[in-house]
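**Q** Below, the features straight out of TrEMBL:
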type: DOMAIN; residues: 36-473; note: domain 'Major facilitator superfamily (MFS) profile'
type: TRANSMEM; residues: 32-54; note: transmembrane segment
type: TRANSMEM; residues: 74-97; note: transmembrane segment
type: TRANSMEM; residues: 104-122; note: transmembrane segment
type: TRANSMEM; residues: 134-154; note: transmembrane segment
type: TRANSMEM; residues: 166-187; note: transmembrane segment
type: TRANSMEM; residues: 199-215; note: transmembrane segment
type: TRANSMEM; residues: 285-306; note: transmembrane segment
type: TRANSMEM; residues: 326-344; note: transmembrane segment
type: TRANSMEM; residues: 351-371; note: transmembrane segment
type: TRANSMEM; residues: 383-408; note: transmembrane segment
type: TRANSMEM; residues: 450-469; note: transmembrane segment
Amino acid sequence: MSPGAIATDGAVEILIRNDHVRWWNKPNLRRLYLCLVPFCLFIESTSGFDSSMMNGMQALVPWKEYFNYPKGGQLGLLVACYNLGALTSIPFISLLSDHVGRRWSIVFGSAVMMIGAIMQGLSVNLAMFVFSRIFLGHGIVYAIVGGAALLGELGHPKERAFLGSMFNAFYGFGAVLGAGIVVRTILIPNDWSWRLPSFLQAVPSIVQIAFAFTVPESPRWLISKDRSEEALAILIKYHAEGDASNELPHVEFAEIKRALEMENESRRRGWAELFQTAGMRRRSLVAAMLGLFVQFSGNNLISQYLVPILVKIGIKDSHTQVRYNVGTQAWGLVIGLIMASVTPRFPRRKMFLLCASCLVCVYTAWTIAQARNRITGSKESGYAVLVMIFLYSPAYCLGYNALTYVYMVEIFPYYVRTKGLSWFQLFGRSAVMFGSFVNPIGLENADWKYLLVYVCWLCFEVVFIYFFFPETFGKTLEELTFLFEGEEKQNELAASTQKVLDHPDVTEVHEHEVVPEKKV
């Protein structure tokens, strides 16, 4: 294998290209992925449950009576306080995740969410309901950042992008569950119609805690803490099915270790490292804008305020409304899973461009249909609005749902990865909170004209992605560490992996270093 080939394709890519065994035929890797489903992938299910549950609650008469028929700004507060809580956690996420590890960050966040869900179910007034939702929101981001990082850092290079895509796709499981539960509890003629879904919101968090120690810690985190032997043992067990003579885990180990050393040589400490170089400033700009794009592309109108939209197009029966809520969430789940299986196989930047362009088309058609409905009152235009709402899911899932966390994990080097994900969450949660306040007011006062705001914003997204989003497809996380830092460092990193391939004795040395995997 020539050095030139490594510079182009990377040693790891070349090795996995020759691996034709699928993950389900590898017992250790299969067991790992099956445990990652409840522990990591169910994290986004909590967000989906909350969003669809709050959407459905707006159709529950006991909930509206208990909180004095909230609308406009007050309704916005009830929805937005979840993301207000998320914002309060941003300064502490990287401290926890980098200090105690990805797993404990998920466990902590899940415990906080479990307490918040119980408090929400026990709420006796508006203040307690709002505080419990702030508490819920505070916990979710610890789990999301830790989960996204763990999936990217622990998964086999062949399936890393697929796992990251599935992370967001599992939002749909929680969304369907939350919407479906409200369909049944709407038949309960008292406060339990909204208290029961609130209590059940704790279930995904309980599942995560139960499976916390069925998966190992991130090998990259272990190496950063000078626990290299444990990291190599994990790589050999899951990426080579326990075969210590396999080249792949040793090449990965050498690449990870050298990348962390090189990255650590020139980095600052604290949040300043997000802006210390031109490359880091570019990463931070892309992450900030992607946070806005993912959460302010009109998706929250559907996930949080579908009921007011249905009322405006003439669908006023509460039973019908909650069924439409279930329908949109189930459709979103199916489309999300399909897109998560397909889009990671294509270049990231092209898929983001296609996604944003399709959203412009869908939202433009939606705006026209809703305008005709409000002007003429025809049923046909109302049905056209529903069609556009359902077409929104495949357009959104092309990029923003399937590739967001894959892309975020790829563009940020290890030592700033949790800070980068937190930075992304800061802008995303701010966008959701802003939209939660503004959307009900805009729908109430500007009616269909409010949709024009999103059409213009989506046009801006297309332009920004075209000029600023870098391509990351086909590289390992370590190769992407120096995406903007020039070829010199990239070649130095490639040389460290080439050394393992050129000198088999290096593999033998690594084999002697391996210790049994510990539960950390």
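Even glycines carry a Cβ here, placed using N, Cα and C.
So where do these features actually land, and what's packed around them?
**A** For the transmembrane segment (134-154), the residues of the chain that approach it from at least six positions outside its boundaries are 32, 36, 39-41, 43-44, 46-47, 50, 81-90, 92-94, 96-97, 102-106, 108-113, 115-117, 119-120, 160, 163-164, 167, 201, 205, 208, 215-216, 218-221, 234, 238, 405-406, 408-410, 414, 417-418, 421-422, 425, 429, 477, judged by C-beta separation under 8 angstroms.
A Cβ distance under 8 Å defines the sequence-distant neighbours of the transmembrane segment (166-187), meaning residues of its chain 6+ beyond its ends; these are 40-53, 55-57, 59-60, 147-148, 151, 193-194, 196-197, 200-201, 204, 303, 318-319, 322-323, 325-326, 329-330, 332-334, 336-337, 339-340, 397, 401-402, 404-405.
Beyond the ends of the transmembrane segment (351-371), by six or more residues, the same chain brings 293, 297-298, 312-313, 343, 381, 384-385, 387-389, 391-392, 394-400, 402-403, 407, 448-449, 451-452, 454-455, 458-459, 461-462, 465-466, 469 to within a C-beta distance below 8 angstroms of the stretch.
Long-range contacts of the transmembrane segment (383-408) within the same chain, counting only residues at least 6 positions beyond its ends with a Cβ under 8 Å from a Cβ of the stretch, are 148, 151-152, 160-161, 164-165, 167-169, 171, 287, 290, 293-294, 297-299, 302, 306, 309, 313, 324, 328, 331-332, 335-336, 338-340, 342-344, 348, 351-356, 358-359, 361-363, 365-366, 369-370, 372-373, 420-421, 424, 472.
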**Q** May I ask whether the transmembrane segment (326-344) has at least three C-beta pairs under 8 Å with the transmembrane segment (104-122), counting pairs 6 or more apart in sequence?
**A** no
**Q** Please indicate, using numbers and ranges, the residues of the same chain that are 6 or more beyond the transmembrane segment (74-97) and have a C-beta under 8 Å from a C-beta there.
**A** 50, 54, 58, 67, 104-105, 108, 116, 126, 129-131, 133-142, 145-146, 149, 304, 418-419, 421-422, 425-426, 429-430, 432-433, 436-441
**Q** Among 32-54, 285-306, 450-469, point out the range having the most Cβ pairs under 8 angstroms from the transmembrane segment (199-215).
**A** 32-54
